[in-house]
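Undergrad: One structure, as structure tokens, below. Some questions next.
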Amino acid sequence: MFRYIVLEIRRTLRDGSFLIFGTGMPVMMYLLFTNIGGGNDVDGWKTASMVGMAAYGALGSAMSIGTGVASDKTLGWLEQLRVTPLAPSQAVVGRAISGSVTVLPTILTVLLAGGLLNGVRLDAWQWIALALLLWIGALPFTMLGLGNGYRLTPQGTGVVNVACLMGFGIVGGLWFPLELLPGWLRSIGRFTPANRFADLGWATTEGHAPGAGTIAVLCGWLLLFGTYAVISYRRSARTV
Amino acid sequence: MELTGVVKTFGRAGHSVRAVDGIDLSIGRGETVALLGRNGAGKSSTVRLLLGLDQPDSGTVRVLDRTAEHAVRDGLVGAMLQDGRPIQRVTVRELVDFVASTYPKPMPVSEALALAGVSDYANRRVDKLSGGQTQRVRFAVALAGNPELIVLDEPTAALDVEARRTFWDSMRAYARRGNTVLFSTHYLEEADENADRIVVIDRGRIVANGTGDVIRGSAGRGLVSFDLAGGPTEGLERLPGVVTVEVSGDRALLHTDDSDATVRELARLDAIRGLQVSRATLEDAFLSLTAPTAAPVSDSERETV
């Protein structure tokens, strides 16, 4: 399985447009949003936005794995894998791990831009915890992207991914604060995966550990999306 | 390798298609066998059952004394599937190296590359190759794990003559190492030239099974054709030596085991008009076997893997 992970990571990292848009876009958006008003740091906006954009970028990269999987399916590569001794569970887990590794560059570049260009100051442990938590926290989205990829066509996966990304971003309070939403939506928002995901980062920059509720909600989503990915994989294996 | 009474139906009730309709087939260790049939005859469906990609509705599939999935999981099978296209951003060597690493006892990567004839472009990306090159890379993928059984589903479809020849050279080199090879094709000459045995499939059933010579003989070794000139067609199949009868337009085509006897009887009946007698080719036999009224023939008694 290790070799499979290496192969898939290699394939992803050679994809120039994925690296530029997956990594470059969140950084550009972050720098734009935080410097547009003359570059003054109001109430830790540069820090909060750094977390928000790193989370948003991680979310996008994690889900974009689905597009790759969907195109592998179209090419017959998933079927070819099934006639090698690699077990189906290893194929899914391996793809999830390789997908989550390729999320790292996105997170790291946004954090680097925050630290080096925007002068965000955090303790060393906070930087490390932030990167690690955002990385691990992206796993439910990787599973969701995988599930879409195993189930849908490449085009379909792209559309569904963008819809999910925007939906999660808005309802989860990544685009603008949750307080601006109507009350009923606000209470739902607290349980959406993207909101809890970003909360991992916000908790860290505020200097405390994420709440047990946050972790429980994310684990629930991981379980749900993970099941979805496995079921989709089984379905994709069948003819007609 | 053994299939017993295998049936596979696709589609919903009411619109179902029996892609595989009761196939019994054994292939011995070290044999090279061709599955020959028209498009849609059930070749690919049979191959998918053998590889454990699909489950039969009834009947059993055993590969090297275990289920198809186990044979694949144990690294005993390598396959080249139909419609497999190159994946992006990976070199030939990386791809073959990875596939080999999933098998318990792979052959050295350089050997796999050489056998498939892809050493010259091992460092090029798979998605940047020509059709013939891609096909040989897929062959390298199938044999990289040094499996006992290799299954090739229409390996030369869409290849030009030159690419097909080099492909079969590689395939025969691999078979000579004592490996079992099963390939499907709709090219008669390919089956005849490259296989020890040909299994003709039509509408999900095996209609003939044997060497090229046996197949040629199965539908009658001679062909006798003549103008009917409005004469009756019934009774022709009862003429001496006649195996099958085809009528196209006003002309009758008799597949016969004894063309001399057939012609003598035709002369006695005063039915000789525009008579032609020729030896049956494999193509004649194939067409006759897969005609709507053809009856199954078989000669095979072989040990099973």
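Note: Cβ is positioned from N, Cα and C throughout, glycine not excepted.
Predicted automatically and left uncurated, TrEMBL annotations should be read as such.
According to TrEMBL, the protein has these features:
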DOMAIN    A:8-194  domain 'ABC-2 type transporter transmembrane'
TRANSMEM  A:12-33  transmembrane segment
TRANSMEM  A:53-71  transmembrane segment
TRANSMEM  A:92-113  transmembrane segment
TRANSMEM  A:125-146  transmembrane segment
TRANSMEM  A:158-178  transmembrane segment
TRANSMEM  A:211-231  transmembrane segment
Undergrad: Do the transmembrane segment (A:92-113) and the transmembrane segment (A:12-33) come close, with at least three CB pairs under 8 A (pairs 6 or more apart in sequence)?
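TA: Since 3 or more Cβ pairs under 8 Å link them, the transmembrane segment (A:92-113) and the transmembrane segment (A:12-33) do come into contact.
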Undergrad: Can at least 3 Cβ pairs under 8 A be found between the transmembrane segment (A:158-178) and the transmembrane segment (A:12-33), with each pair 6 or more apart in sequence?
TA: no
Undergrad: Hey, which bits of the same chain come close to the transmembrane segment (A:12-33), Cβ under 8 Å, at least six residues off its ends?
TA: 49-50, 53-54, 56-57, 60-61, 64-65, 68, 98-99, 102, 105-106, 109-110, 113-114, 117-118
Undergrad: State the residues, same chain only, that lie 6 or more residues beyond the ends of the transmembrane segment (A:211-231) and have a CB under 8 A from a CB inside it; answer 'none' if no residue qualifies.
TA: 92, 96, 137, 139-141, 143-144, 146-147, 150, 191, 193, 196-197, 199-200, 203
